[in-house]
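Engineer: Would you mind keeping the following structure in view while I ask a few things?
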Amino acid sequence: MRQKRKGDLSPAELMMLTIGDVIKQLVEAHEQGKDVDLNKMKTKTAAKYGLASQPRLVDIIAAVPPHYRKILIPKLKAKPVRTASGIAVVAVMCKPHRCPHISFTGNICIYCPGGPDSDFEYSTQSYTGYEPTSMRAIRARYDPFLQTRHRIEQLKQLGHSVDKVEFIVMGGTFMALPEEYRDYFIRSLHDALSGHTSNNIHEAIKYSERSFTKCVGITIETRPDYCMKRHLSDMLTYGCTRLEIGVQSVYEDVARDTNRGHTVKAACESFHLAKDSGFKVVTHMMPDLPNVGLERDIEQFIEFFENPAFRPDGLKLYPTLVIRGTGLYELWKSGRYRSYSPSDLIELVARILALVPPWTRVYRVQRDIPMPLVSSGVEHGNLRELAFARMKDLGIQCRDVRTREVGIQEIHHRVRPYQVELVRRDYVANGGWETFLSYEDPDQDILIGLLRLRKCSEETFRFELGGGVSIVRELHVYGSVVPVSSRDPTKFQHQGFGMLLMEEAERIAREEHGSGKMAVISGVGTRNYYRKIGYRLQGPYMVKMLK
């Protein structure tokens, strides 16, 4: 049979040849120890076969032969930063609902877009519906099961490991929704991982524990006034391990003028209660709010990181954006509000990042809202990178957890740790003694793993934590995702750092805190790890009596 010439081939056949050629070049480059620019390779190869468009990354990944997958998939992985911290994050959105404080303040926060009464009516509160997570949620009609399944499949196609998943529940104040809906939503997340259809939360969690894809944590976005004792107890039942609390400003006058509907004092109380329950606390903060100014903005972040009433474990920094349909938009239109200039904003963010202590992680530096929807505010999509460049000019450093993570360092700087040692930092926060233990390479300032230990204060309301108990609020070894039951000598997960951190934490709890019991707030999927080292389940915590 006569072989077809290139001119006789269909576009689909030419695309198959292009993909095969790209894979062949990648294999050759690997065997010769060369680094390649995948985008240039795809463009050049597509042109060679007369194609106007490049082959899609998912198609190249799908076509990699089985015996080359282990070698090539890490090189092909789209946005490797997504799983560089060792966990695949799956963001899901609850259904659109009104903000809870409308009933007593009469309106939403002045800068808040989205929600059922906004110009973006099919979006959730504080989102426009055009963010990537919002669009995925709308396509799934806000069904939590479908959102999870679709996102996990998408991450797999892009070459990411999804053996360990952390959920982020977004879309306004989740804890203000009816209990029946909340139970259904969380149950669906666990069922999407296990494949089992559960009748209640406890059944869903039981099956999720044994799932191949482990739920290592759930993060819930909330407000300080929906972070009280009953809310915290419900969230513990769900398997939640981290809270994202919207604070926005440490100034009471700013909270009042922006119609937040809660006080800063309430935020401090919620931090105390949350940490005494074992939660990791991440806060949302907004520089450039009305009636603040550059000087007050810098002062509030000094207060935020130095005052023991705040001192969060993580930060999402969201510079104020002016978006159509908000109260702030009307102030801006009438000339009563002006955003910082781009250079002032970069300078401010650089100064804020320099203040961040080494035990705090900066998760984000700007919102995901598409620029065409922004009337005034951030003008650059790469604000973090511009702030880092400014810091370099000023001779100052950002030493937050994310910047120093081993996985991030390897991706951005091709740097691996050489001399690893245990580092201990103690500080007081929210009425308790905190110890931040980490394995680091001090010379290169690279972080391999961390543990957050807290001596619970006497005000803790959970009976499991009363009477002299220390609690591990976080244990995390960084580096690319490695399945829970396997080892990879080139990765840092599952090499024993977690066990060493736990041993040191138990020693501190026993000898320095004088605690008779150690508790761990553990993701549902990691409970078996703690069972192997002598812990048992008590309520939502894994606990162990200390000799």
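Just so it is clear, glycine is given a Cβ too, placed from its N, Cα and C backbone atoms.
Taken from Swiss-Prot, the feature [4Fe-4S] cluster binding site applies to CYS99, CYS109, CYS112. If you look up Swiss-Prot, you'll see LYS164, GLU474, LEU475, HIS476, VAL477, PHE497, GLY498, MET499, TYR530 marked as acetyl-CoA binding site. Annotated domain 'Radical SAM core' per Swiss-Prot: 82-372, in sequence order. Here Swiss-Prot flags 396-547 as domain 'N-acetyltransferase', drawing on sequence analysis. Positions annotated as phosphoserine by Swiss-Prot: SER161. According to Swiss-Prot, the feature N6-methyllysine maps to LYS229, an assignment based on similarity to another entry. What Swiss-Prot records for TYR251 is phosphotyrosine.
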Engineer: Select the closest residue to CYS109 ([4Fe-4S] cluster binding site) from the following recorded positions, measuring between CA atoms: LYS164, LYS229, TYR251, LEU475, GLY498.
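Structural biologist: It is TYR251, whose Cα lies nearest.
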Engineer: Going by C-alpha distance, which of the recorded positions CYS112, SER161, LYS229, TYR251 is nearest to VAL477 (acetyl-CoA binding site)?
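Structural biologist: If we rank CYS112, SER161, LYS229, TYR251 by Cα distance to VAL477 (acetyl-CoA binding site), first place goes to SER161.
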Engineer: Taking DSSP as the reference, which of helix, strand or coil describes LYS229 (N6-methyllysine)?
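Structural biologist: Reduced to three states, the DSSP call for LYS229 (N6-methyllysine) is helix.
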Engineer: Setting CYS99, CYS109, CYS112 aside, what same-chain residues sit with their Cβ within 8 Å of the center of the Cβ atoms that define the [4Fe-4S] cluster site, listed in sequence order?
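Structural biologist: The answer, listed by sequence position, is HIS101, ASN107, ILE108, ILE110, TYR111, GLY115, GLN125, SER126, ASN259.
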Engineer: Just jot down the residues in the same chain as CYS112 ([4Fe-4S] cluster binding site), at least 6 apart in sequence, with C-beta under 8 A of its C-beta; none if empty.
Structural biologist: CYS99, GLN125, SER126, THR326
Engineer: So if I draw a 10 Å sphere around the Cβ of LYS164 (acetyl-CoA binding site), how many other Cβ atoms end up inside it?
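Structural biologist: A 10 Å sphere around the Cβ of LYS164 (acetyl-CoA binding site) contains 22 other Cβ atoms.
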Engineer: Looking only at Cβ atoms, how many others are within 10 Å of the one on VAL477 (acetyl-CoA binding site)?
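Structural biologist: Result for VAL477 (acetyl-CoA binding site): 25 neighbouring Cβ atoms inside 10 Å.
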Engineer: By the DSSP assignment reduced to helix, strand and coil, which category contains VAL477 (acetyl-CoA binding site)?
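Structural biologist: DSSP call for VAL477 (acetyl-CoA binding site): strand.
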Engineer: I'd like the Cβ neighbour count for the residue listed as 'phosphoserine', meaning other Cβ atoms within 10 Å of its Cβ, all protein chains included.
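Structural biologist: Total other Cβ atoms inside 10 Å, all chains included: 19.
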Engineer: Which whole-number value in Å describes the distance between the Cα atoms of the residue listed as 'phosphoserine' and TYR530 (acetyl-CoA binding site)?
Structural biologist: 23
